[in-house]
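Visitor: Here it is, the structure, as structure tokens.
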Amino acid sequence: MDGQLPLELLLLLLLAASGLRGQGPGPGGPEEEPPEEVVPEEDGILVLSQRTLGLALRKYRTLLVQFYAPWCGHCKALAPEYSKAAAVMAAESAKARLAKVDGTAETELTQEFAVTEYPTLKFFRDGNRTHPEEYTGPREADGIAEWLRRRLGPSATRLEDEEGAQTLIDGQDVVVIGFFRDLQDEDVATFLALAQDALDMTFGLTDQPELFQKFGLTKDTVVLFKKFDEGRADFPVDEELGLDLGDLSRFLLVHSMRLVTEFNSQTSPKIFEARILNHLLLFVNQTLAPHRELLAGFGEAAPPFRGQVLFVVVDVGASNDHVLQYFGLKAEEVPTLRFINMETTKKYAPAAGGPVTAASVTAFCHAVLGGQVKPYLLSQELPPDWDQRPVKTLVGKNFEQVAFDETKNVFIKFYAPWCSHCKEMATAWEALAEKYKDHEDIIIAELDATANELEAFPVHGFPTLKYFPAGPGRKVIEYKSTRDLETFSKFLDNGGQLPAEEPTVPVPETAPNTSTEPKEEL
């Protein structure tokens, strides 16, 4: 037994060693680190909370976060596109991740990032939690992915030779190349910043003298190449003032559009974003050969008005009934022209019966721009029974006569057929009219402001309620309080006034606008 441990002692030592391994380190020994928390995912999108946002910002260099509400219709419409964009970026092994936050559950985060409407998207870079970039890009998958690509890498391709430049130009309908002698100049930073957001154009830049010579340039210039109309448009950089982002943006927007643009769901956003206030519309039925023949003369008249008047073709054979309605037209009235100023919404029509030719289109444009044509106002036909119901029906043609009757107190609801707020208050408005139908000096009325225009009373929100008290002076009082029978009655009984403590209502529902993205307020 010399040199050997007794069997019993050996077994005790083995049992002790086994117990120590199971217990882990003793007092003062190194502690095991808890497992790193994993951010949950749904359809490839990170699901963030107050607890996990910081973890995601540390883990991912670039992060696009959508703040949403489960009840928000616009969020529901965005959801599949957002998931597709996440899949696209994952397939490209891009470093950007897409994430979402339920704003109704994570109120601390909505407050921290000043979220007031849904959906709101914010872009975080390099873990910077204090200054995220507001996402203002498209709401479809390809646009979201392209917006991210332009922030992950260079927003413009560096061009070194003629072959590279020509390949870029040939590859797209619209290509913008910045020719700069010094690529460290501030103007280059301005150019690249614009390229980040102009997602419908492809950008390149160069400092190569051979390319300046190839395209006939002697100074810094931004050139827009296009496969239509003039083929090319140059924007020289002001040597003293430098490159102005706003001026360049407008130049590219104006010159990237065709001289004549056909109105449809794809082009309408760009039409409204063009910041050209005057639009000339040619309404035709493109299934008819005589109508199609008018397009050549219409296009011939367009070049001198580029940047001043946007020429648009509306095919009444397509799904454009809403455009016809907006201008008070019927399909059988085409072909015809209409001119509109988008700022004032004033509409103009040419003299009836004239042909649509290059000469007549040019003359009509000059006449409107020169103030020689008076605008027209839309009005529905006055229904024969307009005054037979408790709520009187007003149209453009009888508005003045009824509203400014000096013997009546007239309370008018200006509404839109699609407006949910208008529909919600319809019952109260009918009840109000029923209550006061035997008061000879009170009229309760309504006017469809989408089909009837009033020069002195432009309506921008729905419903808009205005009170026209009896007597001279054409006095008008706007009603801005609760929309219920009791409060309406107090207002009328007090001659168009309410006690100061009456609560006010939310801002009226505004008309749809294709130049702005849809959101829902909290």
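Cβ from N, Cα, C; glycine included.
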Visitor: Quick one: TrEMBL says C72 makes a disulfide with which of C75, C365?
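Guide: Recorded disulfide partner of C72 in TrEMBL: C75.
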Visitor: If you measure C72 (disulfide bond) to C422 (disulfide bond) at Cα, how many Å is it?
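Guide: Per the Cα atoms, C72 (disulfide bond) and C422 (disulfide bond) stand 20 Å apart.
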Visitor: Between C75 (disulfide bond) and C422 (disulfide bond), how far is it from one CA atom to the other, in Å?
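Guide: About 24 Å separate the Cα atoms of these two residues.
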Visitor: The domain 'Thioredoxin' (27-153): mean pLDDT?
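Guide: It averages 91.
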Visitor: Out of C72, C75, C419, C422, which of the disulfide-bonded residues is least crowded by other Cβ atoms within 10 Å?
Guide: C419
